[in-house]
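Note sheet for the following structure.
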Amino acid sequence: MSDKTESPLHTVGFDARFPQQNQTKHCWQAYVDYHKCINIKGEDFAPCKVFWKTYSALCPVDWVEKWDEQRANGTFAGDVNP
Amino acid sequence: MLNLLNMINIIYNDVPTPYSCYFQDSATPNQEGILELHDNIMFYLFIILGLVSWMLFNIVRTYTKNPMAYKYIKHGQTIEILWTILPAVILLIIAFPSFILLYLCDEVISPAMTIKAIGYQWYWKYEYSDFINDNGETIEFESYVIPDDLLEEGQLRLLDTDTSIMVPVDTHIRFVVTAADVIHDFCIPSLGIKVDANPGRLNQVSALIQREGVFYGQCSELCGINHCAMPIKVEAVSLPKFLEWLNDQ
């Protein structure tokens, strides 16, 4: 919670790929991109963080938990392999 | 003069009142626009209603020798063109400002924070996932209605909740609305928000609250037996107070 003092409020901005009211794909794409990104570049690769911020801001926690579980079981529908 | 104006303490109406027949007071530019459009359309609507009623009344009163009711008329080219074109033009004049407003309200360009509202049978769950602590946990809490027998003096029946959405004023907020079981509807009249909460879909809507206050809303899609008992309570506070609240979470 330390970075709150410099910029207290910050969230995902407008994305031209998802201009609609429906943001389901925005959340999904960010989740898939993040895991693809860390599978290629590793957990600590900083540019992957932007996807993480996007999906954690948009996706409900329940969805993320469900997808994490599916990835662990190998039943995840998205392509996250490098 | 300015001091005098400040002395007048305006009480805003942010809750439904018995027998009220107008909107609650607006707190966002979106709702301001909606009220403006409503008032404009109603103005012309009443002119048309008056004109039509006046003509009808006159025709009923003096049917014979009334220039408006020529009883042997079978075909009138001019009048037919008029009563086709004129309503079409009126509808167009209504449609354009309406579409402009609709698409303006839809835009979520540069929000400063995101709040997720998830509808359950029968309560709301809110997540502030812009703020994540070191353990990777985010702020999430459920908001239940206060039952009738636990209401305290001054609380509103079926509107007050145990926890409320805290938001800073003058900040562009994005609400991401979804549901977990059946369709709900996230609605706050004072903020001009009404968006369906569909399971498996994320709908976004924006709000820029321009004054501090407590705003109430209710689930607006029939969602089961306790549809009436899942209200939405928004507390708009100043940014420092909001950050204080955030640190307490």
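Including glycine, each Cβ sits where the backbone N, Cα and C put it.
Just so you know, TrEMBL annotations are computer predictions that nobody has curated.
TrEMBL records a disulfide bond between A:Cys27 and A:Cys59, which is the match among A:Cys48, A:Cys59. Counting Cβ atoms from all protein chains shown, A:Cys48 (disulfide bond) has 20 others lying within 10 Å of its own Cβ. Residues from the set of disulfide-bonded residues A:Cys27, A:Cys37, A:Cys48 situated with their C-beta under 8 Å of a chain B C-beta: A:Cys27.
Recorded residues A:Cys37 (disulfide bond) and A:Cys27 (disulfide bond) have their alpha carbons 15 Å apart, per Cα-Cα distance.
DSSP assigns A:Cys59 (disulfide bond) to coil in the three-state reduction, placing it in neither a helix nor a strand. In this structure the alpha carbons, written CA, of A:Cys27 (disulfide bond) and A:Cys48 (disulfide bond) are 15 Å apart.
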